[in-house]
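Heads up: the structure comes next, in structure tokens.
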Amino acid sequence: MEGVFLKVLILLAAAVVASTIFRRFRIPPILAYLCVGLFVGPSAFGIVKDLEAIRFLAEFGVVFLLFSLGLEFSLAKMMALRHTVFGLGGLQVLISCIVIFAIAMAVGVTVEEAIVIAGALSLSSTAVVSKELSSRNELHKPHGQLSIGILLFQDIAAVLFLIMVPAFAGSDHEAIFESIGLTLVKGVGLFALLLACGRWILPPLFNEVAKTHSEEVFVMAVLLVSLMAAALTHHFGLSMALGAFIAGMMLSETNYRHQIEADIRPFRDLLLGLFFISVGMALEINALITNWHWIILCSIALIIGKALLIFALTVVNKHSKRDAITTGLYLAQGGEFGFALFALAFKSGTVSESVSGILIPTIVVSIALTPWLISIAPYVSKKLFGEAKFVPKNDYKSQLNKASESLSDHAILCGFGRVGQSVSRFLNKESLPYIAVDIDPYRVNEAGIAGENIHYGDASRLDILKALGLERAKLLVISYKEIDVAKKILHTIREKGYTIPILVRTSDDSSLEDLLTSGATEIVPETMEASLMLVSHVLTMMGTPAEHVFDHIESARKQRYQILHGYYHGISSKIVDDKGKALEQLHAVLLTEDCYATGKTLGELGLEKAGDPVEVIKHSDGQESSPSPNLVLQAGDTVILHGSSEQIERAENLILAG
């Protein structure tokens, strides 16, 4: 028992360290798990030699991955992108499979192996590409839509491949296609049966479960449905992952989809990490060293071949060459379903160890190169095919000059996203002049066709701002959500001595001082202003005179929203933001007779070591006192601390124990 516990502890520690390091260098965490598996497996340090127990649990990682995929499956999205999904996506998978199958047969593998290899290498990484698109804010750009459409079809194809692989086990070459046909028929039958159950049985079942108001019962019901569907397909000789995918599809049409997705994520991420570790364990270091030249050659061939194929198909489908080459580079890698297919095929004896020992590392190398390929895609597309068609390379500044020459006392809107467009609508209502600039050429094109006074350009460049009429403008509004972009625009304007008022929109007030130092006249943090708007409505509806409401709101703004900082945290509250910065919170410390601070003044406690986090002292009689060095604390007083979790912990220790 101790040996098993120690091995699990080593696996977890290695996974945490490796994934942290890999994320620091923007390398997909999938590769961290594979490396952990490789080094703790039997071919390296041999910490874990018995793979069967690991593989049993790891299979459920694929099950929950397919369940999540089913939850995210949207028929409406698929129909909206149907030309890309079934046209581009279908052709890409079909042609990739044919070419790879032919190459595999030419090098002498079996028919079954060739089919698995073709299916596995035709797929790209949905997890890596969709995350990169989201982080780069490119999901709604043309190459983003093309990538998502192709990935949607690849996900459907992955499910079909997972149905087919079990059919290869125990089948001779002559009966292989008959076995595949029978498996597909069983798959379609079970698909229809489970979808019918999902339509008529699951909604009332989950309505009853939801009425219990118990998270535990809800999670157990989700696990029961997904695992029962997986067990049913497994019973009929199909992949468990297929049943999980169908279960996800069934639940995706209910009102509980997002809650289910949140509840299932911890199970999925943990078990999926274990699956990739088990794949890494199956690799042989000696084989990697022996076959390194084949792995490099296959990786280069896979990346170049897929990129060129997707580029050609996208151009044939009448998309721009820029979008075509960008999409090709985004989808040039292998994917996580390739690992799943090879693992399933290796377990059933369909694929030999020598084949998987070369092609699994090939997928690993291609995924490792994906962030780099994505980062160079804009440069490659621009170098090969120049600027986008409707953004003339040398003419857009003259267009800006012409558009702004009749404007004076106007507003310059830097950024024309949701916020910029909202501002423009109210300016139009008042017939106030404005001119907008945005770096997204497609948004510029769409809004320009609709009659908006918007132009393409980089607002951080002084020549562009001058062309927009900076000297004659009354106000400049920066609505980009990226703080670095806003600061760059501010520096550009203030360094040249322009005194135009500049209004900056931010998501919160974390960069308030930086922006003010950089030259912002006013800053509007969206979350803070939303809170103030709610407060003003509450006070008004409670009968507070309008002038008092106005005074409260203006006072909060003048004090830089200090009254809105820090909250009493709950069980699920985060202590750091998305960037890893500590969030401010409130914490109450009740003084008893035995506390170190009782009978002492605040000045005697040395709270400056903790950053002086005392917000207010509430006395037992209901009165409040502002923090003062000479204030004597008494038993029954409550000290309200305000700061980061580290500051609060240090201050509480000083108050309680000295």
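Note that Cβ sites are derived from N, Cα and C of the backbone, with glycine treated the same way.
As recorded in TrEMBL:
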DOMAIN    408-525  domain 'RCK N-terminal'
DOMAIN    574-657  domain 'RCK C-terminal'
TRANSMEM  6-23  transmembrane segment
TRANSMEM  30-48  transmembrane segment
TRANSMEM  54-73  transmembrane segment
TRANSMEM  85-108  transmembrane segment
TRANSMEM  146-169  transmembrane segment
TRANSMEM  175-196  transmembrane segment
TRANSMEM  217-234  transmembrane segment
TRANSMEM  270-288  transmembrane segment
TRANSMEM  294-316  transmembrane segment
TRANSMEM  358-380  transmembrane segment
Please report, as numbers and ranges, the same-chain residues at least 6 past the borders of the transmembrane segment (146-169) whose CB is under 8 Å from any CB of it.
66, 69, 73, 77-78, 81, 83-86, 88-90, 92-93, 112, 115-116, 119-120, 122-124, 126, 129-130, 133, 139, 176, 179-180, 182-184, 187, 237-239, 241-242, 245, 310, 314, 319, 323, 327, 330-331, 335, 337, 340-341, 344-345, 348-350
Take the C-beta pairs under 8 A between the transmembrane segment (54-73) and each of 6-23, 30-48, 217-234, 270-288, 294-316. Which stretch has the highest count?
270-288
Could you give the residue numbers and ranges of same-chain residues that sit at least 6 residues beyond the transmembrane segment (270-288) on either side and whose C-beta is under 8 angstroms from one of its C-beta atoms?
11, 15, 19, 29-30, 33-44, 48, 51, 54-55, 57-65, 295, 336, 339-340, 342-343, 346, 353-354, 356-358, 360-361
Hey, which bits of the same chain come close to the transmembrane segment (358-380), Cβ under 8 Å, at least six residues off its ends?
26-28, 30-31, 34, 117, 120-121, 125, 128-129, 132, 136, 143, 279, 282-283, 287-288, 291, 294-296, 298-299, 302-303, 325-326, 329-330, 332-335, 338-339, 342
Please work out the helix, strand and coil residue numbers for the domain 'RCK N-terminal' (408-525) from the DSSP assignment.
47 helix, 25 strand, 46 coil
Which residues of the same chain, at least 6 past either end of the transmembrane segment (294-316), have a Cβ under 8 Å from a Cβ in it?
88, 91-92, 95-96, 99, 121, 124, 146, 150, 288, 323-325, 327-329, 331-334, 358-359, 361-362, 365-366, 369, 373
Residues outside the transmembrane segment (217-234) whose C-beta sits under 8 Å from one of its C-beta atoms, at least 6 past its ends, are 63-64, 67, 187, 190, 194, 202, 205-206, 209-210, 240-244, 246-248, 250-251, 256, 259-260, 263-264, 267
What is the average pLDDT across the domain 'RCK N-terminal' (408-525)?
90
Write out how many residues of the domain 'RCK C-terminal' (574-657) are helix, how many strand and how many coil, based on DSSP.
21 helix, 23 strand, 40 coil
